[in-house]
Amino acid sequence: MAMIALKCPDIEVVVVDIAVARINAWNSDRLPIFEPGLDEVVKACRGRNLFFSADVEKHVAAADIVFVSVNTPTKTRGLGAGKAADLTYWESAARMIADVSKSDKIVVEKSTVPVKTAEAIEKILTHNNKGINFQILSNPEFLAEGTAIEDLAKPDRVLIGGRETPEGRKAVEALKAVYAHWVPEENIITMNLWSAEISKLAANAILAQRISSINAMSALCEATGADVAEVAYAVGKDSRIGPKFLNASVGFGGSCFQKDILNLVYICECNGLTEVANYWKQVVQINDYQKSRFVKRVVSSMFNTVSGKKIAVLGFAFKKDTGDTRETAAIDVCHGLLGDNAKISVYDPQVTADQIMRDLAMNKFDWDHPQHLQPMSPTATKQVDVVWDAYEATKGAHGVCILTEWDEFKKLDYKRIYDGMQKPAFIFDGRNVINVDELRKIGFVVYSVGKPLDPWVKDLPAAPPS
Ligand SMILES: NC(=O)c1ccc[n+]([C@@H]2O[C@H](COP(=O)([O-])OP(=O)(O)OC[C@H]3O[C@@H](n4cnc5c(N)ncnc54)[C@H](O)[C@@H]3O)[C@@H](O)[C@H]2O)c1
Ligand SMILES: O=c1ccn([C@@H]2O[C@H](COP(=O)(O)OP(=O)(O)O[C@H]3O[C@H](CO)[C@@H](O)[C@H](O)[C@H]3O)[C@@H](O)[C@H]2O)c(=O)[nH]1
């Protein structure tokens, strides 16, 4: 919305939220999220044509276009728990729009929703309506965190789905005119509502599938002496495949991929498409396998136990350049290590100690997770310490796990880190950011996902029984 305000000075944008603390933060000098370049965009328009308010009803009543961007998490209880999208927030937003509206409105699905949500929303909006015309559009968002501003400034495409009626087409044109302020017309794609809704789920599923594919290859590379980075480079050179999204890692995280794939799986199951559901489920299962495989490498390399040992965790966010920790692989890896009674010292340049403690104590739905990834008691967080420096985190540690690819981890003084650690000093790189040969020369025992194994690690079974 800040980008719309920046690019369309003739449009007044009001961001409303029921979370008053968040709105207060948006109106302050310290925005509630860290996103490179966002401060500048907000500062350029706030008070001009961009406003933040907790008076949701007043501003919705006055709007011509309402973008609904509320959260759509995975259901944790009841029918479809652990898979289906929880549309509670969407439904209450739709009911509120229906209640407060006195003029015609275009209601835009900006959240990622199950296919056919527009139909349900239409029913809520038009039920008991007072002669008001609501047009529902699907306009899914494709930005990635950490690069949101560039993604919004130069989107690969903007997708708008609408009803194939004269009113529907008019609404599509109205929304298209907003984006046309800065997005070339050929990059604004219009289609029917259901295609737009499915396209968002399909894009995320296929992106995540690429990561699970290369992560699956990383296990085979370790077993055979191949290097996954070389394999990804060779594969990505095929112009039909392309080089992006082929970085092997400790596993994908973030608030979208797992949630949206599980939602897709549920929709397939509801449509009787068991084989299709199982196909997509495998993308999440390989991701869980990758996280648990990493934990097993750590434990088995360190004489099959990390009990009482200090392990430094460098990086907790789900990717670099964000402070977001939702579904970060770091949560599952820490749970796995704590399950083996390790003492953990975490450093992340953007994530607060409070957030890390909350994440580690939080109950996660345990759908199909391996044993050691299951919810744990909050008392285990007593074994966790959060520090504000990588050197502090690694001081006296037996092992280091790199779980986020922050640029600063490439430039650390690893000799200094080695000197301060217990020996043998182990380093487990879940992001392929370190120079393996250099670190081995310093004296570290090194494991890096998908890379030829250190003889020390090699002699141990890759997947000892849990
Ligand atoms: N985070 C991303 O990068 C991203 C990218 C593309 C799509 N999406 C999709 O966008 C949606 C939102 O994601 P998010 O990460 O911003 O979630 P979020 O939980 O950070 O934000 C949602 C906000 O909606 C507010 N809200 C809930 N009910 C409300 C109501 N009735 N009225 C007003 N405000 C209400 C909440 O208070 C919260 O601040 C999800 O469907 C997600 O899948 C997110
Ligand atoms: O080659 C890769 C690329 C990514 N990742 C990991 O995958 C996760 C997701 O990364 P990314 O997709 O860059 O960030 P998100 O903000 O989750 O963005 C995804 O999810 C958004 C929400 O739906 C979509 O809008 C975006 O298009 C889609 O990329 C992160 O943990 C990354 O570290 C890898 O492990 N290897």
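The backbone N, Cα and C atoms fix where each Cβ goes, and this holds for glycine too.
TrEMBL labels come from automatic prediction, so no person has curated them.
What TrEMBL records for this protein:
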type	residues	note
ACT_SITE	CYS256	active site, nucleophile
BINDING	ASP17, ARG22, 70-74, 111-112, GLU145, 256-259, ARG326	NAD(+) binding site
DOMAIN	312-436	domain 'UDP-glucose/GDP-mannose dehydrogenase C-terminal'
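Taking the features listed in TrEMBL, we show where each one sits on the structure.
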residue : record                   : DSSP class
ASP17   : NAD(+) binding site      : coil
VAL70   : NAD(+) binding site      : coil
THR112  : NAD(+) binding site      : coil
CYS256  : active site, nucleophile : coil
ARG326  : NAD(+) binding site      : coil
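A Cα-Cα distance of 9 Å separates ARG326 (NAD(+) binding site) from the residue listed as 'active site, nucleophile'.
Within 10 Å (C-alpha to C-alpha) of the residue listed as 'active site, nucleophile' lie the following binding-site residues from ASP17, VAL70, THR112: THR112. The DSSP breakdown of the domain 'UDP-glucose/GDP-mannose dehydrogenase C-terminal' (312-436) into helical (H, G, I), extended (E, B) and coil residues amounts to 46 helix, 19 strand, 60 coil. In this structure, CYS256 are the recorded positions from ASP17, VAL70, THR74, CYS256, ARG326 whose C-beta falls under 6 Å of some atom of ligand 2. With respect to ligand 1, the recorded positions ASP17, VAL70, CYS256, GLN258 contribute ASP17, VAL70, CYS256 as residues with a C-beta closer than 6 angstroms to one of its atoms, given in sequence order.
Across the domain 'UDP-glucose/GDP-mannose dehydrogenase C-terminal' (312-436), the prediction's mean pLDDT works out to 90. Other Cβ atoms within 10 Å of the Cβ of VAL70 (NAD(+) binding site) number 17 in total over all chains. When other Cβ atoms within 10 Å of the Cβ of THR74 (NAD(+) binding site) are tallied across all protein chains shown, the result is 22.
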